[in-house]
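Accompanying notes for the structure given below.
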Amino acid sequence: MVAFGKRLKETQIQEWQGYYINYKLMKKKVKNYVQQIEVSEQSREYVLKDFSRILDKQIEKIVLFLLEQQGELASRLFILGQEHDVLVQQQDGSKLSELQQSYRDVGRQLLQLLFFVEMNAIGVRKILKKFDKRCGYEFTNYYVKSRANHPYSQLRQIFKHVGVSAVVGTISRNLADLEDNKGNYTSIYDHPGLPLQDPIIGSINQAVDRLTNSTDFLHYLGKHALILPEELPTPSEDHAANERYHLMSLLLNLANAFLYMVNTYIIVPTADDYSMSLGAAATLCGAVIGSMAVAQVFSSVYFSAWSNKSYMKPLLFSSIVLLVGNTLYALAYDFNSIYLLLVGRLFCGLGSARAVSRRYITDCVPLHLRMKASAGFVSASALGMACGPAVACLLQTNFKFLKITFNQDTLPGWIMALAWFIYLLCMWTTFREPPMEEIEDGLLPQSNSGKIENGFVQKGITQPLLLSEEETKQDEDEDQDCDNSEESAEEIQKPVTSIVSAYKLLTPSVKVQLLIYFMLKYAMEILLAESSVVTTYYFIWSTSNVAVFLACLGLTVLPVNIIVGSYLSNIFEERQVLLASEILVCMGIVLSFHVVIPYSVPQYVCSALITFVAAEVLEGVNLNLLSRAMSSRLSKGTYNGGLLSTEAGTLARVFADSTITLAGYWGMSRLLNVTLLPSLFICIFSIIATCFTYNSMY
């Protein structure tokens, strides 16, 4: 990214210091409240009202200063606009370039103003968190709810950004008018989708997005991938990502995610038939499907570690392993070997490189494209989930070629082997490996305690919110008993080095969210993996019918995410949607049981639809909450947040597929109810756990 040039003058920095939230004063007030409560049992209402009044005054100071600075920027833009009108008539190229630079200077000042607001927002969040811990009151919930929708709320004035949008619009329009200074009459109003090339505009929009924390469909989808953002990414890191970025390489990573999901679900409609054709029970389909998940538990870790050193090599290795695995899966029919079938699926699991794709998006995609890339990762996975059974539906044939059988059981293996061979060739010829030294440097971001290059956040600006070492030590000692998950400023820069260290960083609410993720993946895997066995036993469905049913379920993923991401998450709190979705999953599981009355197609289809759709909603909201709640130390390194969620989901699939295989010993008539019981118990337990940690989910 182009350097942003001049920094604020030291005198201006000193002027701004008086307008930061007074963290020391607020911390002192909290300490006084604790002492008063212990000595005189000060009334809860008095403490809440008094602290609210003080915090209101602090926020009002910030807002008034923000409005004053916006007025100064507006005055500068007005003067520049007059100069613009004169210079356009003169067509003086050198002066027009100077004017363009002047508009960028205003953009830089606006960017610094936005970081001023962001630093204060962080201070407010810390104070609210400290008050809740020390005083034992749910002050955050009260304060935010009472100020969020009030017409005169200063909080609303900060986050509406009406003035900021006007300034950004003025700068964008004039920079577009001045672009190349010759014959470019493209208007940003006539072409709202036209990308703005100037980096300063992209940086401003990113800063505004972080402050508003918007939940549009793109952001909602992107957070499904659990690619955790860093709170204050430095321009040097984004510049490195720009240098590493290669569009074709990104598309190949997305193609890998798509093909792997196709590979996972293409065998589901025929797994029971394949098992029986090799002399095994139909319920062994659970082991056939689950063996891939078993191997994925281990492959996720070593691929995540391998991505510290390279991206191309693990992706090439993944393609080769998947090519071999699918070939073995297809050849098992002619060798009449159930063991070869299971080994083939184990190889497929060992080729799971989704951790590499996540890591590539985190480290090698520029910040302004990262959310789109994350959304593409989720969309590719969802499309692959739907396409897998749909492709299986088209493979209803039976012939031999060179003594090798091609039928509905073996063709999924041959088709995927061919797909991975083509992918391997594309990887070898078009993937561009990012420079090794830059990948390694990206693992440990430089400390933000001093000046951050290119004018994003400067030491002088951030100083009012930072404490001295003695004060920081004292602050940590006071809060040690309340929250052991607090991280020091130095530690927050380092990725964790072991799964144990990563687990220690998880708060109770994050652990519950991982439990929820385990529950929903368990319920979905039970539903999908046993679908062919259950529908064949109860309704005598053909492979085509099962494939169409599963494909229809998969096609609901994106529409459901659109509804939740664009509408529900803007109407209800995410934790409310989370709890409601858990209850719906539980209802779907209960409706799936076969009790007394004959089991019918409408009962199965309706219960499956409720379970699957509710689980999809639950997955999206849960991962959205996880992306905000997880420690920033889990945004990079081998043991990152994406790996933890992947392991939780993969273990759920392993246990679910094992449940199906073991339930087969009780006979086909009891298979459905036996496999649903664990799902019901885990779901009820997760609902109870959610209720206990509900207030800590934000």
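Using the three backbone atoms N, Cα and C, a Cβ is placed for every residue, glycine included.
As annotated by TrEMBL, domain 'SPX' applies to 2-145.
As annotated by TrEMBL, transmembrane segment applies to 250-268 (among others).
Counting only same-chain residues 6+ beyond the ends of the transmembrane segment (280-303), those with a CB under 8 A from a CB of the stretch are 264, 267-268, 271-274, 314, 318, 338, 341-342, 345-356, 525, 529-530, 532-533, 536, 638, 643, 646-647, 650-651, 653-654, 656-661, 663-664, 668, 671. Residues annotated as transmembrane segment in TrEMBL: 280-303 (among others).
Taken from TrEMBL, the feature transmembrane segment covers 315-332 (among others).
According to TrEMBL, the feature transmembrane segment maps to 338-356 (among others).
Annotated transmembrane segment per TrEMBL: 377-399 (among others), in sequence order. Long-range contacts of the transmembrane segment (377-399) within the same chain: residues 221-222, 224-225, 227, 253-255, 257-270, 357-358, 361, 405-408, 411-412, 415, 543-544, 546-551, 553-555, 557-558, 561, each at least 6 residues beyond the stretch ends and with a Cβ under 8 Å from a Cβ of the stretch.
Marked as transmembrane segment by TrEMBL: 411-431 (among others).
If you look up TrEMBL, you'll see 469-490 marked as region 'Disordered'.
According to TrEMBL, the transmembrane segment annotation covers 514-540 (among others). Below 8 angstroms of C-beta separation, residues 265, 268-273, 282-283, 285-286, 289-290, 293, 506, 546, 549-550, 553, 578, 582, 585, 588-589, 592, 594, 599, 601, 604, 608, 611-612, 615, 618-619, 622-623, 626, 644-645, 648-649, 651-653, 655-657, 659-660, 668, 671-672, 675-676, 678-679, 682-683, 685-686, 689-690 of the same chain, each at least six residues beyond the ends of the transmembrane segment (514-540), sit close to that stretch.
Positions annotated as transmembrane segment by TrEMBL: 546-565 (among others).
Feature annotation from TrEMBL assigns transmembrane segment to 577-601 (among others).
The transmembrane segment annotation in TrEMBL covers 607-626 (among others).
If you look up TrEMBL, you'll see 671-695 (among others) marked as transmembrane segment. Sequence-remote contacts of a segment are chain residues at least 6 beyond its ends whose Cβ falls under 8 Å from one of its Cβ atoms, and for the transmembrane segment (671-695) they are 138, 141, 283, 508-509, 512, 515-516, 518-519, 522-523, 526, 530, 533-534, 537-538, 575, 578-579, 582-583, 585-586, 589-590, 592-595, 599, 655-656, 659-660, 663-664.
Tertiary neighbourhood of the transmembrane segment (411-431): same-chain residues 246, 248-249, 252, 255-256, 259, 262-263, 266-267, 270, 311-312, 315-316, 319-320, 322-323, 326-331, 344, 391-392, 395, 397, selected by CB-CB distance under 8 Å and a gap of 6+ residues from either end.
Of the recorded ranges 546-565, 577-601, 607-626, the transmembrane segment (250-268) has the largest number of C-beta contacts under 8 angstroms with 546-565. If one looks beyond the transmembrane segment (577-601) by at least 6 residues along the same chain, the residues whose Cβ comes under 8 Å of a Cβ in the stretch are 516, 519-520, 523, 527, 538-539, 564, 568-569, 607-615, 617-618, 621-622, 625, 672-673, 676, 679-680, 683-684, 686-687, 690-691, 694, 697. When pLDDT is averaged over the domain 'SPX' (2-145), the result is 73.
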